[in-house]
Amino acid sequence: MAPQPRRLIAPDAREDDAELSLRPLALADFTGQASARANLKVFIEAAKARREALDHVLFWGPPGLGKTTLAQIVARELGVNFRSTSGPVIAKAGDLAAQLTGLEDRDVLFIDEIHRLNPAVEEILYPAMEDFQLDLIIGEGPGARSVKIDLAKFTLIGATTRAGLLTTPLRDRFGIPIRLEYYTVEELECIVRRGARVLSIPIADEGANEIARRARGTPRIAGRLLRRVRDFAAVDGDPEITRAVADRALRLLDVDHIGLDQMDRRFLQTIALSFGGGPVGVETIAAALSEPRDAIEDIIEPYLIQQGFLQRTPRGRMLTSHAFRHLGLAEPPREKTQFQLFSEGGEE
């Protein structure tokens, strides 16, 4: 199968140099996630006052909300070294040992996609997190022996979009679990205006608002949309990004007024037109769209659920009346499922 082109509003797409330049460098410059920022500030100041390593931190939530950025900020605020890797890269115990033995006291090791760690590697990580020791088996067969290696007292920061896939023993070893939430339009406006200042882009408040409304609650997408709108404005000779300029550019980019793109609409239309609005299983949807199940569950569905377009029920995915209205389609009559009857009769 030919590789699919990158969606402009894909929150998990790899960041380029321009996106990296928009990242805030300090907690005070970080917009949004007020509760997470306030708590982190307390934990960081307490650790610095005690001259101890910060307790292990787990950031979890949808992609593009700032998990990596916050991890870097934590290391910078602590005044320590920052080392970064990801779960799939640490294939064997030796890979993990190489990362851990290179750390100094209070350094930060960041593991992105920590839910994808090899189970054998995860077992070795437990004593490293709890006792700051590595338990390695050297050799094979009768001559094999166990070796303990003392480690510096470090801070592990894990990031995941799927906290439910973490094993309980690993999840319980993080003393500071922090869930990141989607951003409000007002917060994204601030992020867009800051990005415009960094990139020297003239932008009106209404233009920033228009981009923020279509950024799906995600700073990474907001920055990407800002740069693409800038391109249209430059080619069209517009001196400033106004609401009209942003609207025209985003319409040409096929991003509608609430941030849905062609893939989102295709997903909704498939359920509406091919499966009568549901319920329909995610595997069936994946086959119909020729998309992997993980992409549907991690990338497409979360925002649609948050916007009230989609329900996950025991029998499968179902579109809401809101989704049919957005698509401009008549909602077909459907028999009430047992799930819906119970939802109407009590708490959801």
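Placed from the backbone N, Cα and C atoms, the Cβ positions cover glycine too.
Together with L22, R23, G64, K67, T68, T69, E130, D131, F132, R173, Y183, the ATP site in Swiss-Prot holds one more listed residue from R214, R216, R220, which is R220. Here Y183 (ATP binding site) is compared against the binding-site residues R293, R312, R317, and the shortest C-alpha distance is to R312. Ranking the binding-site residues L22, G64, F132 by the distance of their Cα atoms from the Cα of R293 (DNA binding site) places G64 first. With DSSP classes pooled into helix, strand and coil, the tally for the region 'Head domain (RuvB-H)' (257-348) is 50 helix, 9 strand, 33 coil. Counted over every protein chain shown, other Cβ atoms within 10 Å are most numerous around Y183 among the binding-site residues F132, Y183.
Within 10 Å of the C-beta of T68 (ATP binding site) we count 19 further C-beta atoms, all protein chains included.
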